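S.K.: Would you mind keeping the following structure in view while I ask a few things?
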Amino acid sequence: MRSSPLSAPASPVSIDTTETEAKHRERTQMAIPSDRETLERAPEPSPALDLQSSLRRRLHSTAAAVVVTDSSSKAIFTSVENLTIDSGEDSGVDTSSDADTRDRVVDGVDREEENKTVSVFNSRQYKDGSGRGEGQGTGGGVPAKFLYRASAPAHRKVKESPLSSDAIFKQSHAGLLNLCIVVLIAVNSRLIIENLMKYGLLIRAGYWFSSKSVRDWPLLMCCLTLPAFPLGAFMVEKLAQHKFISEPVVITLHVIITTAEILYPVIVILRCDSAVLSGITLMLFASVVWLKLVSYAHTNYDMRTLSKSLDKEDLYSNCPEIGDLKGVSFKSLVYFMVAPTLCYQPNYPRTTCIRKGWVIRQLVKLVIFTGLMGFIIEQYINPIVQNSQHPLKGNFLNAIERVLKLSVPTLYVWLCMFYCFFHLWLNILAELLCFGDREFYKDWWNAKTIEEYWRMWNMPVHRWMIRHIYFPCIRNGLPKAVAILISFLLSAIFHEICIAVPCHIFKFWAFIGIMFQIPLVILTKYLQHKFTNSMVGNMIFWLFFSILGQPMCVLLYYHDVMNRKVGTE
């Protein structure tokens, strides 16, 4: 007959092996039914059975531990699953498994697994590390009054250290971010105080406007006359729509218009001794107009080709997003020339209203960050550059020190420029024009390769490159590598024009810097493939592009400009 649970001792007991085996054989022969079977057979529970059942539930709700030691000093620790029973209900729990466990572990030898430690927590066994990785919640169903006892297990599941490679991106690091912010504030506060003590306040009354700005009026007039070229492109498209000129003539006229549009400001800047910043602004504006004209001509050409090769019903049913093929519209051209996009289409997704308060807040931010950018240039970058030597002609260690010292303010200026133009200005323009698609950038700061960075940091230019350079090259049978090379080559040419022309020097530093991105693209893609899910490529991007690349270009162009001025004087 099975002994009552009340007879189980609370302290470790040494059990004779022969007596235990005899009891085990006796239990096996008698085959006593379990508690569940007994309760199911009973027609009605008597008060005595209720009392016995209550005592059994109360006893099983505690964590019982039996430690059995044999002559060879082997110990087996068995923790029985705790049961939480609602009051007033008879759960009918089968306790025959408890008897089986005690029968199996009686003389210090596990009948199923010899010489192994078996621990059972919430009906889950862990034998020599088996069951690793199975998550168990805190407590695992253990009542609170038994959870933090000295005998309760303190380690219940496999866990990684928070800073390990498997767990570092699964949790928040807001505290570390706050630490970085505090360190940045402390370091930059010291730099600000040191700069003010050494140079004083370098911002003067003529910071925003001076008499020297009168020399830039020719550049302003050139900027105001640039809209004449889109008007000429519209006239060409109107003639082509009415079939007054043939397609080869249309292409030739568009080539002439776009070429004249980019050469016109170049000639004006080279003939005038204007400020470098004014020349860069004019060249950037002229480059934007050139990209828009190319998109306008290419899109209209493609729409004419589609209207000739396909039925309109098939086109609208299969490609409804292509737009209206009826003809060009002056209103659509004007909207496209001022819209924050470089890809022409007759219709754009639009918003319903203009948020005037939001626009005012963004304009205030634009003024503040533009002033901050100018302050950093005047107060920090200019003194560092003026006290430096040519990085390719002086002491190597001195050049490295100047580049690293210049890297922090140039990085701040570059981030301010990005925030002012791509976020504030383009969103303000989109809000005023009710332009719907405002994905002007993606999370380029997380780019793991140089190629990802170029795809995400300037979405208007990226879409233009994909639409009018990359895929046309692919459709004409060129390999993918050649199409990428052509895209980088065009980008390098325009970077060189926008910087070298206002500086009146052609040393091709910007061109070399952009073309140097191609081996970096190959390198970062290889590292990303070799070290999967790593940020090695992201570190290389920040190192070569922001820490070394931009300060080096600033030093090179500054000293070349200074040498040119000394030579002319």
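The backbone N, Cα and C atoms fix where each Cβ goes, and this holds for glycine too.
Feature list, courtesy of TrEMBL:
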- His495: active site (ACT_SITE)
- 1-14: compositional bias 'Low complexity' (COMPBIAS)
- 20-43: compositional bias 'Basic and acidic residues' (COMPBIAS)
- 1-55: region 'Disordered' (REGION)
- 174-193: transmembrane segment (TRANSMEM)
- 217-236: transmembrane segment (TRANSMEM)
- 248-270: transmembrane segment (TRANSMEM)
- 276-294: transmembrane segment (TRANSMEM)
- 363-381: transmembrane segment (TRANSMEM)
- 411-435: transmembrane segment (TRANSMEM)
- 481-502: transmembrane segment (TRANSMEM)
- 508-527: transmembrane segment (TRANSMEM)
- 539-559: transmembrane segment (TRANSMEM)
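Give me the structural setting of these features: burial, nearby parts and distances.
M.R.: Under a cutoff of 8 A between CB atoms, and with a sequence separation of 6+ in the same chain, the neighbours of His495 (active site) are Ala510, Phe511, Gly513, Ile514.
Within the chain carrying the transmembrane segment (174-193), a Cβ under 8 angstroms from the stretch's Cβ atoms is held by residues 380, 408, all 6 or more beyond its ends.
Residues 245, 250, 253-254, 257-258, 260-261, 264-265, 268-269, 271-272, 274, 278-279, 282, 285-286, 289, 292-293, 296-297, 328, 330, 333, 337 of the same chain, all 6+ positions outside the transmembrane segment (217-236), place their C-beta atoms under 8 angstroms from a C-beta of that stretch.
Only residues 6 or more beyond the boundaries of the transmembrane segment (276-294), in the same chain, are considered here, and those with a CB under 8 A from a CB of the stretch are 213, 216, 219, 222-223, 226-227, 229-230, 233, 254, 257-258, 261-262, 264-266, 268-269, 336-337, 342, 344, 461, 464, 468, 494, 497-499, 501-503, 561.
Through the fold, the transmembrane segment (481-502) approaches residues 262, 266, 269-270, 274, 276-280, 282-284, 287, 461, 465, 469-471, 473-474, 508-511, 513-515, 517-518, 557 of its own chain, all at least 6 residues removed from its boundaries and within a Cβ separation under 8 Å.
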S.K.: For the transmembrane segment (411-435), I need the partner stretch with the highest count of C-beta pairs below 8 angstroms, choosing only from 248-270, 508-527, 539-559.
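M.R.: Ranked by Cβ pairs under 8 Å, first place goes to 539-559.
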S.K.: May I ask for the residues of the chain that lie six or more residues beyond the transmembrane segment (508-527) and have a Cβ under 8 Å from a Cβ within it?
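M.R.: Apart from its flanks, the transmembrane segment (508-527) reaches 448-451, 454, 484-485, 488-489, 491-493, 495-496, 498-500, 534, 536-537, 540-541, 544, 549, 553, 556-557.
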